[in-house]
Amino acid sequence: MLYHLLTPLAKYMTVFNVFRYITFRTIYASLTALVISFVLGPWLIRKLGEMQVGQHIREDGPQTHLKKAGTPTMGGVLIMSAVMFSTLLWADLTNAYVWIALGVTFGFGLIGFVDDYLMQVKKRSKGLSARGKFCLQVVVAGIAGTVLVYGLNGDTTVNIPFFKNLNPDLTRPGYVLFAILVMVGASNAVNLTDGLDGLAIVPVAIAAGTYMIFAYVASHYDFATYLSIRHVPQSGEMSVFCGALVGAGLGFLWYNAYPAQIFMGDVGSLPLGGALGVVAILTKQELALVIVGGLFVMEAVSVILQVSFFKITKGKRIFKMAPIHHHFELKGWPEPKVIVRFWIIAIMLALLSVSTLKLR
């Protein structure tokens with residue numbers, strides 16, 4: 001919005017030229033989202049407490065979690081509001097990629113909101129069914145993928161990390177299916193990771209910061225050519241979007257850090273994962289998400305292995321509990337130690353993913 005309002009004024013006052021620069025708008029998108037999360041956090045915590053929207057704790061989990069029962073949840077409303085407002089304020093709204101990213105974020109957020117609302121407000125034990133939630137995610141991701149591929153004539157090749165000239169073409173239908181897999185998979189992986197105080201939000205912010213770099217580099221022809229990656233002119237505005245994700249995440253962390261005053265709920269975890277997935281698609285760094293979000297992959301795989309092994313062996317388990325962060329808790333690791341060590345893993349994976357820009 002500010003880009004369109006203030007950039008034309010540059011011919012009268014050169015100071016307004018700064019609004020042309022993606023780096024400037026990315027920084028201020030991040031700061032705006034951070035301030036929104038930071039300022040509105042106490043009000044939301046108090047409001048959710050008054051509404052008795054409190055977290056339900058599984059009795060078969062770590063006993064140390066029982067004291068968290070009743071902690072306000074659905075804090076993802078704050079994150080999503082901050083991200084969307086900040087992006088609308090600072091991004092170039094004529095860029096179709098901005099609307100695709102916001103559409104996926106809003107769509108997945110709405111699914112998470114309905115799920116949380118049914119459980120927390122209407123007191124339904126399970127909210128949306130797993131199948132219903134999955135189908136809705138597929139619909140949202142499918143619409144986004146179709147608009148990108150058919151509406152915008154998007155590139156249907158896939159960039160393979162570490163390989164310079166390996167870019168298989170999936171064809172239009174194949175790429176739409178692939179995009180659905182990336183977005184829905186990322187969304188559910190982040191959702192599974194959100195089980196400890198601050199565990200999910202920091203890796204999300206780290207991943208968003210990494211894709212901020214990918215988006216900026218891909219949008220510049222010289223950088224993209226030098227690094228032998230796909231040049232995506234429209235991806236520059238994804239830096240602004242990612243900046244908003246980073247800022248909103250850090251602002252939310254202030255209240256979500258151990259011991260948490262608020263949890264994000266599905267209304268936070270589902271759209272955050274979906275946002276990472278759609279940015280990966282739009283920047284043509286789809287498979288890099290497996291590295292950038294390796295922590296989320298590890299959490300999701302631990303659940304898949306646990307469930308599969310349990311069914312095959314008729315009752316045996318690989319881990320003490322899944323997702324894997326609970327396994328380490330039950331082994332005796334204090335919750336803060338699990339959280340910080342997982343953050344360290346996320347940082348290492350982010351650095352590795354950035355190295356793929358040059359190692360090819």
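For all residues, glycine too, the Cβ spot is worked out from N, Cα and C.
The following features are taken from Swiss-Prot:
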- 25-45: transmembrane segment (TRANSMEM)
- 73-93: transmembrane segment (TRANSMEM)
- 94-114: transmembrane segment (TRANSMEM)
- 134-154: transmembrane segment (TRANSMEM)
- 173-193: transmembrane segment (TRANSMEM)
- 198-218: transmembrane segment (TRANSMEM)
- 240-260: transmembrane segment (TRANSMEM)
- 262-282: transmembrane segment (TRANSMEM)
- 287-307: transmembrane segment (TRANSMEM)
- 337-357: transmembrane segment (TRANSMEM)
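Sequence-distant contacts of the transmembrane segment (262-282) (same chain, at least 6 residues past either end, Cβ-Cβ under 8 Å): 41, 44-45, 48, 55, 71-77, 79-80, 83, 97, 100-101, 104-109, 111-113, 115-116, 120, 127, 137, 140-141, 144-145, 148, 179, 182-191, 193-194, 200-201, 204, 207-208, 211, 215, 232, 234-235, 238, 241-242, 245, 249, 252, 255-256, 288-289, 292-293, 296. Listed as Cβ neighbours of the transmembrane segment (134-154) (distance under 8 Å, sequence separation of 6 or more from its ends, same chain) are residues 96, 100, 103-104, 107-108, 111, 128, 172, 175-180, 183-184, 187-188, 270, 274, 277-278, 281-282. Long-range Cβ contacts of the transmembrane segment (240-260) within its own chain (Cβ-Cβ under 8 Å, at least 6 residues beyond either end) map to 22, 25-27, 29-38, 41-42, 45, 68, 71, 75, 78-80, 82-84, 86-87, 90-92, 98, 101-102, 196-198, 201-202, 204-205, 208-209, 211-212, 215, 268, 272, 275, 279, 335-336, 339. For the transmembrane segment (173-193), the most Cβ-contacting stretch among 25-45, 73-93, 287-307, 337-357 is 287-307 (pairs under 8 Å).
Within its own chain, the transmembrane segment (25-45) is flanked in space by residues 2-3, 19, 72, 75, 77-79, 81-83, 85-87, 89-91, 212, 216, 239-248, 250-252, 254-255, 261-262, which lie at least six positions past its ends and keep a Cβ under 8 Å from the stretch. With a threshold of 8 Å between CB atoms, the same-chain residues lying at least 6 positions outside the transmembrane segment (287-307) that come near it are 158-161, 182, 185-186, 188-190, 192-193, 203, 207, 210-211, 214, 273, 276-277, 280, 317-319, 322-325, 327, 342, 345-346, 349-350, 352-353, 356.
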